[in-house]
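Taken from TrEMBL, the feature transmembrane segment covers A:12-34. Per TrEMBL, domain 'Plastocyanin-like' is recorded for A:67-178, A:255-352, A:540-658. The annotation region 'Disordered' is assigned in TrEMBL to A:425-453.
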Amino acid sequence: MDNRTHDSDRRRLLRAMGATGLLAGFNALLPAYARNNMAEGAARHLDTAAAQVPGGAARDVVMDVHVRRETIDIAGGRASAITLNHTTPGPIVELWEGQNAHLRVHNHLDESTSIHWHGILLPFQMDGVPGVVFPGIDPGATFEVDFPVRQAGTYWYHSHSGLQEQIGQTGPIVIHSQGDDGINADREYVIVLNDWTFEDPHRLVAKLKAVSDYYNFSERTLGDLAEDFRQSGVATTLKDRLAWGDMRMSPRDIADVTGHTYSYLMNGVHPDANWTGLFTPGERIRLRVINASAMTYFNVRVPGLPMTVVAADGKEVQPVETDEFQIGVAETFDVVVQPKADRAYTIMAETMARSGYARGTLAPRAGMVAPVPALREQPQRTMMDMGMDMSQMDMGGMHMSHGERTKQMGHGQMAMDHGSMQKMDRSEKSSGMAGMHHQGHDMGAAKKGHKMSGMGHDMKKMAHGTGPNAGTMGTGAMMEQTGPVIAKHGPDMHGAGNINVANVQRDRLAEPGTGLEDVNHRVLTYSQLRNVVPMQDRREPSKTIEVHLTGNMDRYMWSFDGVKYSQSTPIEFPYGERIRLVLVNDTMMEHPIHLHGMFMELENGQGDHLPFKHTLSVLPGSRASLLITADEPGRWAFHCHLLYHMEMGMFRVVRVSDRSGDDNA
Amino acid sequence: MPRHAIITTAGTLVLCLGIPLAAHAAADGKADLDSVISAGPVDPNSGAPMAWDKAIHDEQIHRFLLIDRLEYGDVDGANNYLWDAQGWIGGDYHKLWLKTEGEGPLSGGSPEDTEFQALYNRTIAPFWSAQVGIRYDVNPNPDRGFAVLGLQGLAPYWFESDTALFISEDGDVSFRGEFEYELLLTQRLILQPRAEINASAQDVPKYGLASGLNSTEMGMRLRYEIKREFAPYVGVRWEQTYGETRDIARADGEETSSTAFVVGIRAWY
């Protein structure tokens, strides 16, 4: 495939290295003399031992993090990267809830740097965002943070200065809970996912600014047109092409940056070097999966092993068993697997755009491998993602699609949809939003599902026949599983920096994520996440803030409400109050929206057990609602965690204070 | 540790007693409310002290240079060259936009057309920019200056459009529209039809133009993107003059219609 040309060269090199015993992934297992003979000596990634969470007695932690720019072996090549204590990703920062953390960041770069402790509750001055909470760490300087650890779970740390995060400055954080977390893992590994490029990230931005589809080598071609004519008929296909052409957008726009330039790393290791975690059959293994990449969503699975999700964004959730989950940039999921057989299992992390993958292995002994699944076919955007009102369109294939949805989701979840929907409806009333339509009830899947129940196999096949690859207007899987419409867009089109608006906004929390609608196994959805502790703050929100995720792919501009950071003023959260934050995604792609300093409770229909999130991946054309108690005074960054979107201005400061607006110029 | 009590994010504030921790963090691990509002001048985006660097660099100046066509044409045995390039420098909303194009015979003779444009480009809609500025033609003789009023962008159905009104220093008004479309045969092999229309609002005898539609130039080229930035191409170019303009050309002994087979390079940085 075209878009893996670069990477395949490196793969050949890696295979050659493997033959000479220099395979990076195994160098920890080499005898000392062999390691010493390697270029530069030490392993530069989280090898088996370094990725295993040591644990031990609860204690205060004092740790030094040295930030250096150095040339290292990475992804089958050599490059100048930013390392943390000589590795990328950096070492595990292991802390204990209820104890103190004293972390000292030493800047050995010749430029300013910073470390943001992602998801960690601490005084905002230590949060590590230059220009917002502190001036940054000057070359040669040391910055110390010292705070009581008030939480447990899996988090991570990374630079918040410029594009440093892209070239290696990321690492995992593991915090052990004060009491028994009930998870009882015999062994724990961090699984840190990164996207690595040998390009200068500034050049990468320049390319996106010049030609925004530079890295997309999966656009629709003449061949696809012929195929769609054949599969869906000329009329349907033309209608579809005209609709996309009218919007000047591409349904193949899944990721801005792809495997054309990226190698995908697991714990810093290229797939061909095969990072390996060892286990004894029968053990319960906790995998702390961290998406520390700059721009890449992953679909994570361990073929042959069910995964029990026990935490999301560090915070415990009631265990839910699944076979695959999509992880947005900056999210973390903790899963428990229990391999009983004496065999190897592949940890597969395929990118959402399917242009590459990170991969590792769980094995009883080093050197074992399991089959690596082929990349699945690349998904396609639909009119749903565009926030189009499908009820006004006349299209074949639509009706049986709803039947399909019913079949796949079952009644339990359907009811859940309605629950969360009603909750949202209520919230909208309380916030006095005008122009709301309870279309969800009319379009409710359950209703149509009923009508369709009893429709046989043929219909299902037809639905598949006109599926996503047929390129029809959402007659494929996306439509089948798209959630109910819960709101409509107002008249504000958000200016020249925004192309599209979600005319109808759906509740899509019960969806598995782009490209996972049709897989024949279980996939985690946000609606399944249920907190282990009941909601503490049950006040009705005193303030509702609606933020639209906006952008212009053609000009590579990204913003909130069509306004870049440099034109914005802080979002005010009155101290102590309960806030409802509503996110509406007007763009056609997912955005992982991260709030620093405070957890957000996702209104996902789980009653008074709403899960905590620090980063929410908001599906295109969707509307999501979050509750926040503004109990952490500070100036907190709030942004899209796709690095280049953030740097283009999809960023705000949220200010929690009792003197809001005092200094508003 | 009871000292820190249980501080949930859902959040009741818990007053904590006990030994103070490090200088930065209060016992409850939270910042002081008074510390949120900075003393002195503050940055309006962040509320942080004005002296600090920006958190995000979303006002950076970018630049782009595109040599859209640099080609050799075989025109009925007579060979010529053509260039057509543009570039910009600026931010998302304001740019300086430069364009140049020209053509001439390869062997002997001066260029037939050579023009330069310098424009202020303002983003006015998601896909559209308005352009105002000047154009200066070195050829044909004598040199001529123009004021330019243009609209450039991406029309529905992915037609790259560049349209402009030109008002010459003599007050003559003319119009040019250029439209391109890209048809992907594969991810790297791209067929690109192109159309250019020139019209004049009045007779300009000095330059052999009559009012109305003057000329069209249709093209079709097939390029292969060895890299995104570098694509050689082959193609065909067909020029045609119309109406009185054609009559003038004919009277001057010039071609009124020509077809050229071209090879060229498209490159950008």
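Placement of Cβ uses the backbone N, Cα and C atoms for every residue, glycine included.
Per-residue pLDDT, averaged along the domain 'Plastocyanin-like' (A:540-658), amounts to 97 for this model.
For the domain 'Plastocyanin-like' (A:540-658), the DSSP counts in helix, strand and coil order read 8 helix, 63 strand, 48 coil. The helix, strand and coil residue counts that DSSP assigns across the domain 'Plastocyanin-like' (A:67-178) are 7 helix, 56 strand, 49 coil. With helix defined as DSSP H, G or I and strand as E or B, the domain 'Plastocyanin-like' (A:255-352) counts 3 helix, 52 strand, 43 coil.
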